[in-house]
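A.B. asks: Handing you this structure, nothing more for now.
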């Protein structure tokens, strides 16, 4: 082991002994595409009212949204079209969206402003760190994870965001009865998600067949998903509720 590697190993070991969570493998690769003028303008003009920063610390949702409405958290909202559609359709809920890619954040804010959506806040940051540092336990009504990167090569499976540790983190953040809703169009990932969830303590599978659920009306059918279904591709939805 080189001196540099030895120092890194000691740093990680020391942090773990102190009870700190060290993330060793990320579930995403940050490909920073160029912002369009519209996306950049949306961020500059509306971040003050719609944006959340990791550095802001723990989120107090009633203060943030100025109401006591239930909170839905979406991890990895892409360009935000579906998230904005859901927020507009459910003004009785508050939505927080997390996305690591800035163009998607800009597009989401732009769409929300265009649709006059006021019950949505967005954050450009790693969801694992937001969950650890900013989301209080027992506060979320729903956590949504739709079409995460499947990392389909077996050697990359360790990068998949869904793991035993991750689903336990989600359980801690959900209220009793709160739902963790996942969807994927990659069958192997769906099977792995199901295995992780069925092995995790503290959850009830909402599927009548104890596996997958039909796509609920609350999750919009995306153009990509619709095209895939027309070609015979499958999509798997999973919903698990936190036990008392």
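Every residue gets a Cβ built from N, Cα and C, even glycine.
For reference, Swiss-Prot lists these features for the protein:
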- 74, 99, 126, 149: S-adenosyl-L-methionine binding site (BINDING)
- 149: active site (ACT_SITE)
- 153, 185, 222, 223, 224, 225: substrate binding site (BINDING)
A.B. asks: Please report the distance from the Cα of residue 185 (substrate binding site) to the Cα of residue 99 (S-adenosyl-L-methionine binding site), rounded to the nearest angstrom.
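C.D. replies: Cα-Cα distance, residue 185 (substrate binding site) to residue 99 (S-adenosyl-L-methionine binding site): 19 Å.
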A.B. asks: Return only the integer: C-alpha distance in Å from residue 153 (substrate binding site) to residue 126 (S-adenosyl-L-methionine binding site).
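C.D. replies: Between the alpha carbons of residue 153 (substrate binding site) and residue 126 (S-adenosyl-L-methionine binding site) there are 22 Å.
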A.B. asks: I'm trying to understand the geometry here, so how far is the Cα atom of residue 149 (S-adenosyl-L-methionine binding site) from the Cα atom of residue 223 (substrate binding site), in Å to the nearest whole number?
C.D. replies: 18
A.B. asks: I'd like to know which of these binding-site residues, 99, 225, is least surrounded, judged by other CB atoms within 10 A.
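C.D. replies: 225, out of the binding-site residues 99, 225, has the fewest neighbouring Cβ atoms within 10 Å.
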A.B. asks: Roughly how wide, in whole Å, is the group 74, 99, 126, 149 that binds S-adenosyl-L-methionine, by largest Cα to Cα distance?
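C.D. replies: The S-adenosyl-L-methionine-binding residues span at most 15 Å between Cα atoms.
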A.B. asks: If I take the alpha carbons of residue 225 (substrate binding site) and residue 74 (S-adenosyl-L-methionine binding site), what is the distance between them in whole Å?
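C.D. replies: So the Cα of residue 74 (S-adenosyl-L-methionine binding site) lies 18 Å away from that of residue 225 (substrate binding site).
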A.B. asks: Under DSSP, is residue 74 (S-adenosyl-L-methionine binding site) part of a helix or a strand, or is it coil?
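C.D. replies: Assignment for residue 74 (S-adenosyl-L-methionine binding site) reads strand.
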A.B. asks: Quick one: give me the count of other CB atoms within 10 A of the CB of residue 185 (substrate binding site).
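C.D. replies: By my count, 18.
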A.B. asks: Between the Cα atoms of residue 224 (substrate binding site) and residue 74 (S-adenosyl-L-methionine binding site), find the distance and write it as a whole number of Å.
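C.D. replies: One finds 19 Å between the Cα atoms of these residues.
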A.B. asks: Rounded to a whole number, how many Å is the Cα of residue 126 (S-adenosyl-L-methionine binding site) away from the Cα of residue 222 (substrate binding site)?
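C.D. replies: If we compare the Cα positions of residue 126 (S-adenosyl-L-methionine binding site) and residue 222 (substrate binding site), the gap is 24 Å.
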